[in-house]
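Peer 1: Sharing a structure, written as structure tokens. Questions coming.
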């Protein structure tokens with residue numbers, strides 16, 4: 001079937017060969033000063049030979065986000081106040097205690113008196129949002145102690161059925177390779193060649209709500225299309241031999257939590273466990289998929305993706321997008337400040353807003369100001385739906401590429417919807 005597409009990929013002339021040493025850290029492990037110096041030096045060196053091209057941008061009203069920026073990552077780092085880099089274990093633990101207390105209070109209230117179907121949906125939404133807040137805390141740069149990070153991470157993530165080390169390691173890969181078509185780990189685009197090999201039903205599931213918002217458990221089991229392995233198996237290509245023990249520990253904790261849920265289902269009934277835990281877990285998954293997708297997709301300006309020598313740690317990080325979630329910002333610990341989080345994951349969540357404000361003058365037009373939200377971020381549903389209609393695949397060729405649209409898929413989707421509507425009548 002011949003498919004219409006948007007304008008073909010944009011390609012720039014590759015600069016001199018860049019260094020291949022990039023940041024090798026995780027958002028949840030110790031941030032050592034020596035490691036920071038090496039990472040920053042590598043990122044600076046990567047940008048040195050493309051800065052001149054970035055400065056040659058013509059300020060004529062047109063902005064090409066795929067062009068090299070006229071600044072280095074060290075320039076952005078220097079703009080961030082020194083205290084923003086300091087982590088306070090006690091402050092981090094206070095946020096954990098607060099969120100755990102809210103989760104416990106919601107659960108106790110629901111168990112005691114939420115026997116009305118008018119109340120249960122409110123509980124599911126509130127508790128699922130708090131599950132998401134726990135996930136953000138477990139993924140945060142919690143402290144300079146790997147032991148404390150691991151203990152808190154396992155307690156929080158195992159409770160919401162996330163294998164802590166398995167996910168932590170894959171998320172580290174995502175941060176190291178953000179914006180790279182082939183090496184990025186989550187929500188990266190699929191190439192046109194792979195897209196053409198997918199069955200029509202698979203394409204529809206991938207780009208039709210609510211299915212993309214339920215992808216996280218599948219990703220944990222099987223990773224993304226075109227990749228192999230699992231977050232639960234120590235033998236997965238995601239992990240190095242020295243990380244297998246960590247993965248086994250996290251998978252064991254995950255199994256213990258799953259067994260606990262089965263035990264509670266036997267004691268109190270499956271329906272009660274579904275209402276108290278299962279449906280909030282579903283809301284949590286939808287939050288996670290919505291937020292992580294929209295931090296890398298859906299901006300009204302086209303977002304570049306890179307491969308080959310055009311990619312660098314800085315340019316990849318600048319393809320991320322901040323979002324405003326209204327009242328939810330503080331509940332999920334300002335995760336919407338995603339650009340600075342990607343460039344410097346060692347900054348704890350309670351300093352991200354201040355660090356973002358300080359870095360914006362350096363980032364200039366490479367920072368995309370988020371659309372202001374009302375109390376609830378209902379506008380993001382429209383952003384999501386539009387992105388799923390137009391962001392389907394990228395070209396197999398070119399080192400700087402942009403999403404293209406399979407117009408036939410949208411036509412097919414409308415046809416199926418009309419057909420199903422007719423059958424229901």
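Quick reminder: no glycine exception, Cβ is built from N, Cα and C everywhere.
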Peer 1: Tell me which of 44-62, 63-81, 120-138, 139-157 corresponds to the transmembrane segment entry in TrEMBL.
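Peer 2: Range annotated as transmembrane segment by TrEMBL: 120-138.
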Peer 1: For the record in TrEMBL, which of the ranges 181-199, 276-294, 295-313, 314-332 is the transmembrane segment one?
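Peer 2: In TrEMBL, residues 276-294 carry the label transmembrane segment.
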Peer 1: With Cβ distances under 8 Å as the criterion, find the stretch in 95-114, 120-138, 205-222, 247-269 that has the most pairs with the transmembrane segment (276-294).
Peer 2: 120-138
Peer 1: Checking distant contacts: for the transmembrane segment (120-138), what same-chain residues at least six beyond its ends satisfy Cβ-Cβ under 8 A?
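Peer 2: Counting only partners 6 or more residues beyond its ends, the transmembrane segment (120-138) has Cβ contacts under 8 Å with 28, 92, 95-96, 99-100, 102-103, 106-107, 109-110, 114, 152-153, 156-157, 159-160, 162, 164, 275, 279-284, 286-288, 291, 328, 331-333, 335, 349.
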